[in-house]
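To start, the structure itself, in structure tokens.
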Amino acid sequence: MTSKAVIAIHGGAGTIVRASMAPDAEARYHAELRAVLAAAQRVLADGGSALDAVTQAVRLLEDCPLFNAGHGAVFTSAGTHELDASIMDGRTLQAGAVSCVKRVRNPIVAARHVLEYSEHVMFTADGAEAFAQAQGLEFVDPSYFHTDARYRQWQLAREQQRAMLDHDGATLAAQTPAAQARDDALPHEPIDPNRKFGTVGAVAVDLYGHVAAATSTGGITNKQLGRVGDAPLIGAGCYADDATCAVSTTGSGEMFMRMVAAYDVAAQMAYRGVSLEEAANDVVMNRLPRIDGRGGLIAVDAQGNVVLPFNTEGMYRGYARVGEAPVTAIYR
Ligand code: ASP
């Protein structure tokens with residue numbers, strides 16, 4: 001037994017709207033992050049696996065409308081939702097992922113089932129839904145994923161004719177005079193929702209020194225149908241290996257894919273022999289910015305070290321060691 005057990009989570013990275021830092025919105029994010037950390041911490045304290053802890057954390061983040069995953073996911077250019085998720089077990093290097101699912105309530109649970117019960121690693125679209133259905137997973141009407149805040153973000157993005165990162169969209173919507181005049185204006189969020197990547201993720205080390213990672217997202221606002229980002233790609237948005245680390249990313253997915261960002265952290269540790277901190281910082285602060293990659297990641301190693309670097313102004317994040325109070329943060 002070790003006391004290195006720890007869970008870390010993120011809820012997206014982006015630009016902080018200094019003018020609109022409303023204390024109650026900030027408090028709400030902290031409270032949600034703390035609640036998720038506490039639940040996952042209990043899984044670890046009870047002797048549960050890192051894999052179970054990250055599944056639990058991401059499932060709760062998917063159910064929370066504040067984050068761009070599951071309920072609260074961003075809209076595609078067609079006004080629909082296409083969800084991506086992935087999970088990896090550092091003990092066995094088993095992995096599971098789904099992309100472009102539209103009716104599975106918790107994409108991370110579908111990814112977990114792919115890991116556990118399929119000889120394959122990833123299912124997409126109709127095939128992913130057929131697999132989830134055969135596994136008896138919970139399905140919802142697509143309207144379940146609708147939230148008014150994301151809908152307004154999407155309308156703004158359409159007006160601007162571009163695809164928007166989730167947390168890049170919310171603030172923009174909140175800031176228009178028309179929106180501010182309305183009662184239903186987006187709450188002023190600490191991180192500019194119009195300049196934020198709202199993907200969620202979790203990494204953990206369990207009491208037995210095994211690591212796991214999970215990532216889930218709605219992608220980016222106004223994305224083209226069928227667009228798949230880094231989140232469901234093992235190696236880009238998610239990676240775990242007991243020998244090195246577990247990583248979950250958030251940011252401009254195309255750049256994280258091109259950098260194979262999550263795996264690069266593990267590879268640098270393995271091949272360059274550097275620490276978790278040095279490897280993660282190199283990817284986020286040096287390598288991604290070379291191709292204009294914006295965002296961050298969370299990572300743990302089997303020794304219980306935790307890093308949460310990001311190259312944006314803020315990232316919703318937190319960690320909780322077993323037996324200690326959860327720590328949450330938004331800004332630098
Ligand atoms: N990385 C995600 C994607 O490109 C976006 C995010 O992090 O919010 O789909």
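First residue shown is number 1, and so on along the chain.
Every residue gets a Cβ built from N, Cα and C, even glycine.
The active site, nucleophile annotation in TrEMBL covers Thr199. Within 10 Å of the C-beta of Thr199 (active site, nucleophile) we count 37 further C-beta atoms, all protein chains included.
For Arg227, Val228, Gly229, Asp230, Thr250, Gly251, Ser252, Gly253, the entry in TrEMBL reads substrate binding site. For Arg227 (substrate binding site), the number of other Cβ atoms no farther than 10 Å from its own Cβ, over all displayed protein chains, is 18.
Of all the binding-site residues listed here (Arg227, Val228, Gly251, Gly253), Gly251 has the Cα closest to the Cα of Thr199 (active site, nucleophile). If you count neighbouring Cβ atoms within 10 Å for each of the binding-site residues Thr250, Ser252, the highest count belongs to Thr250. Cβ neighbour count for Gly229 (substrate binding site): 26 (other Cβ atoms within 10 Å of its Cβ, all protein chains included). Of all the Cβ atoms in the protein chains shown, 19 others lie within 10 Å of the Cβ of Val228 (substrate binding site). Screening the recorded positions Thr199, Val228, Asp230 for a C-beta under 6 A from any atom of ligand 1 leaves Thr199, Asp230.
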